[in-house]
Amino acid sequence: MGAGRLYAAVAAGGFRRYATYRAATAAGVFTNTVFGLILVHVHLALWAQKPQLGGYDQAQAVTYVWLGQAFLSTLAIGGGGIEDELMERIRTGDVAVDLYRPADLQLWWLAADLGRAFFQLLGRGVVPFAIGALFFPVRLPGEAAVWGAFLVAVVLAMVVSFAIRFLVALSAFWLLDGTGVLQLSWIAGFFCSGMLLPLNVFPGALGEVVRALPWSSLLQGPADVLLGEADPLGTYAFQAGWALVLLAAGRLVQSAATRRVVVQGG
Amino acid sequence: MWIRSTMAYRASFVMTAVASCVVTGLDFVAILLMFSRVDALGGWSLPEIAFLYGLSGLAFGLADLAIGSVERLGRRVRDGTLDTLLVRPAPVLAQLAADRFALRRVGRLAQGALVLGWALAAVEADWTPGRLLLVPVMVVSGAAIFCAVFVAGAAFQFVAQDAAEVSNAFTYGGTTLLQYPPALFAQELVRGVTFVLPLAFVNWLPASYVLGRPYPLDLPVWTAFASPAVAGVCCALAGLAWGAGLRSYRSTGS
């Protein structure tokens with residue numbers, strides 16, 4: 001079996017696996033919609049007071065909120081990706097089995113996580129976004145080309161998101177109990193991706209710093225492509241640059257970590 | 001036991017407690033960021049919103065610490081481990097609440113208390129003894145209302161085992177909603193959280209009295225003092241729902 005087909009099969013498996021939990025998906029859609037509803041009202045009030053805040057008009061701000069809800073589980077910004085399982089396998093030592101497989105550890109989990117992310121985008125992302133677009137003033141592009149450009153940015157966002165979480169998960173090789181690191185990474189993700197508030201609203205130097213960090217590839221980048229506020233090629237270059245740096249770092253840490261693996265017999 | 005097990009990984013406990021404090025604090029950071037650009041939100045100043053935020057955070061933190069573990073019920077119904085709790089000579093609800101008791105949740109509590117403390121010092125209110133007394137009453141009845149929501153959510157999981165996240169919309173969603181003034185939200189939404197799921201009694205109504213703000217939905221003045229009664233009714237209803245859920249439980253047989 002060719003390597004490409006192997007990883008495609010892993011990704012398809014990831015997609016199908018999450019597709020099994022129908023009730024959980026419906027519950028997630030409901031929760032994302034309720035949170036979107038609350039946040040939209042807050043943003044509407046904020047933009048009513050300060051029109052053109054951060055360069056967005058009110059409709060753009062509303063669109064941004066619903067995009068955030070659609071991406072929350074897709075990009076596993078608050079957890080829920082493959083990192084929990086990978087950490088557990090590292091803690092129990094099962095990761096030794098993964099290392100023994102004729103497949104690359106990083107690519108294997110990337111494929112599984114992409115499958116998961118695509119399912120979450122379709123299963124949990126589309127419905128809250130559609131509800132938001134139906135009942136609130138949004139700004140959506142009419143041209144198919146912009147939607148296409150947006151989708152490319154979303155896929156790149158998925159890769160950057162995975163690269164960050166893979167690094168976080170590998171810390172379990174040293175810490176064993178990775179809950180603390182995981183939660184710190186959620187905080188960074190929430191704050192720096194623009195889930196709290198669009199990054200272009202952040203004041204002064206703080207705003208410049210968060211916009212340069214990898215997390216801004218997750219929500220702010222794709223959102224600005226969809227809203228027509230950013231040049232797609234520049235966004236892709238930023239996202240791909242961070243993806244390469246982080247994946248390379250993951251690879252380095254991985255090779256350092258696998259030398260530490262202690263297989264527990266029994 | 002769960003406290004001792006947490007302390008086995010001391011570094012991780014400190015990290016998770018700090019993280020839980022910061023993670024909930026992020027909502028307040030968002031509010032601070034908003035106030036770096038505006039002077040008021042929905043007509044409420046920063047200390048006034050901090051007052052709402054601190055009350056909601058403290059009440060929710062208490063409920064979460066006491067009973068937040070019941071959200072794991074769905075998993076126990078799915079894998080059949082609920083049976084173990086049923087044969088023990090102690091109330092199932094108490095066992096569930098103690099299961100994986102997460103001391104790190106004090107982080108959330110501390111953060112709410114901190115913001116409330118600052119708000120009490122910064123807010124310009126006419127502090128009569130009655131207003132002052134209403135603050136602890138709000139925290140206790142608010143915590144009771146959130147406990148009722150947690151229990152009702154757990155009872156729902158007897159029916160829909162996979163849908164633990166639905167209750168997140170009401171617990172975590174509810175506390176997020178209460179962090180902002182009622183004037184921001186659509187009237188139907190405010191009506192829903194006043195008459196259907198009475199979250200408005202956690203802080204919106206009593207806080208309107210304390211701060212001398214107009215009441216949401218033009219409700220009469222006495223509603224500001226109704227929180228303890230509302231909390232009692234909520235707990236009774238949640239208890240009934242829990243009993244019904246427990247009676248309808250059929251084991252997986254595994």
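Glycine residues also receive a Cβ, built from the backbone N, Cα and C atoms like all the rest.
No curator has checked TrEMBL annotations; they are predicted automatically.
The annotation transmembrane segment is assigned in TrEMBL to A:21-44, A:64-82, A:117-138, A:144-168, A:180-199, A:236-253.
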For the transmembrane segment (A:180-199), sequence-distant contacts whose Cβ falls under 8 Å of one of its Cβ atoms, 6 or more beyond its ends:
54, 56, 61, 64, 68, 72, 75, 77-79, 83-84, 87, 164-165, 168, 171-172, 207, 210-211, 213, 215-216, 218-220, 223
Check the transmembrane segment (A:144-168) against each of A:21-44, A:64-82, A:117-138, A:236-253 and return whichever range has the most CB pairs under 8 Å.
A:236-253
If contact means at least 3 Cβ pairs within less than 8 Å, sequence distance 6 or more, would you call the transmembrane segment (A:21-44) and the transmembrane segment (A:117-138) in contact?
yes
Taking a Cβ cut-off under 8 Å, which residues six or more beyond the ends of the transmembrane segment (A:236-253) line up next to it in the same chain?
106, 152-153, 156-157, 159-160, 163-164, 166-167, 170, 214, 216-217, 221
